[in-house]
Amino acid sequence: MVAGQGKRMSLGSSQASSSSASCSVLVGRRTLRGRPSTEGRRARAQQVASQRPRRRVPALRAAQDEEGDLAEEAEGGNIKQLLGMKGASVEKEDKWKVRLQLMKPVTWVPLVWGVACGAAASGMYTWTFENVAKALLCMTMSGPLLTGYTQVINDYYDREIDAINEPYRPIPSGLISETEAVVQFVLLLAGGLGVAYTLDVWAGHETPVIFYEAIFGSFISYIYSAPPLKLKQSGWYGSYALGASYIALPWWAGQLLFGNNLTWDVALLTILYSLAGLGIAIVNDFKSIEGDRELGLKSLPVEFGIDTAKWITVGTIDLTQLAVAAYVYQGLGERWYSIAIQLLLIPQVFFQFKYFLPDPVKNDVKYQGAAQPFLVFGILATGLAVGHHNQLLAAGGL
């Protein structure tokens, strides 16, 4: 058995040696056959070299895109901060930028526009250098000064709510002290009232009607934000007071400045239009629903719930404009202006269904940016209708 095993072992070793030899031959053959030529190695090297940059390009592009997105985000945050918009940057900035953010310049636009509508409604505005200067000064009073005062005093009394809803605001973020905010809104109020009196003198008013209106509007702004009344806590009253301040008051100022012919029917028309401003004010309440509910404030979204409040919002905005269009058609006899107001309502309804009604909390700013231009053009069309009607009255055509 040993001998047999020895034979088998020798046979196995010989087979193993032959296998090793054959393997070495095969390996040798593969090595010899698989070895590329000089031209092939050069071509392979060029191919690898050409592929290396391609591998780096996506990563480089991704890094560049990321840097661009960060830059755009930072720039967008800075712009939002200057305009006082939702989602602003909380980084430390120059004091003037912080004070500007506190005044929320984005909210000035409707009041500046309202002055233009009032000037058109007077039927006596002409494009002279003096009238343009008067209009710009009146817009400065309504926008940066008195609306700025309204926003600063609102932020001052809402500092606890803003710490929950909008912690990037200047006061809760610590970018400006409470004392500095008080000094700022006092100076803005004094400047606004001073400009109002100046406009009365410039227009030759025997009674300072613009000054009285400015006092009235400033008082409404105060009781809207400050205790014990704090109208914004009551839902309907607060939202309507804010809406009237954005539409009726600047209209009155513009019409009194150039025509001093504000009649009761036009005053009531602007008060009616302020119901649309009520809807706009409710839109602004959706973003604050969490803090309002926590602090017990009875805003309409808190009181009725999001689903009901969003329909109240679009209802007040749309039905108000339809009522105004009907008055312009029937009461003033201005058919074409009435048609224009109705046509301008169509895109507003479209954006309500596209942005606002699906998610009023998320899309409030997007909806306002898309729909409000058509609303303010409707207000201008109303002002032009009133102005044309006043011109016909003055000429004896009616």
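Residue 1 is the first one shown; counting continues down the chain.
Quick reminder: no glycine exception, Cβ is built from N, Cα and C everywhere.
Just so you know, TrEMBL annotations never went through curation; they're auto-generated.
Taken straight from TrEMBL:
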{"type": "COMPBIAS", "residues": "10-28", "note": "compositional bias 'Low complexity'"}
{"type": "COMPBIAS", "residues": "65-75", "note": "compositional bias 'Acidic residues'"}
{"type": "REGION", "residues": "1-75", "note": "region 'Disordered'"}
{"type": "TRANSMEM", "residues": "106-127", "note": "transmembrane segment"}
{"type": "TRANSMEM", "residues": "209-225", "note": "transmembrane segment"}
{"type": "TRANSMEM", "residues": "237-254", "note": "transmembrane segment"}
{"type": "TRANSMEM", "residues": "266-283", "note": "transmembrane segment"}
Stretch of maximal Cβ-Cβ contact with the transmembrane segment (266-283) [cut-off: under 8 Å; candidates 106-127, 209-225, 237-254]: 237-254
Positions whose Cβ lies under 8 angstroms from the transmembrane segment (209-225), at least six residues beyond its ends: 138, 141, 146, 149-150, 153-154, 156-158, 189, 192-193, 196-197, 199-200, 203, 231-232, 238, 241-242, 244-245, 249, 252-253, 256-257, 260
For the transmembrane segment (106-127), sequence-distant contacts whose Cβ falls under 8 Å of one of its Cβ atoms, 6 or more beyond its ends: 83-85, 135, 138-139, 142-144, 146-148, 151, 246-259, 261, 266, 372, 376, 379-380, 382-384, 386-391, 394
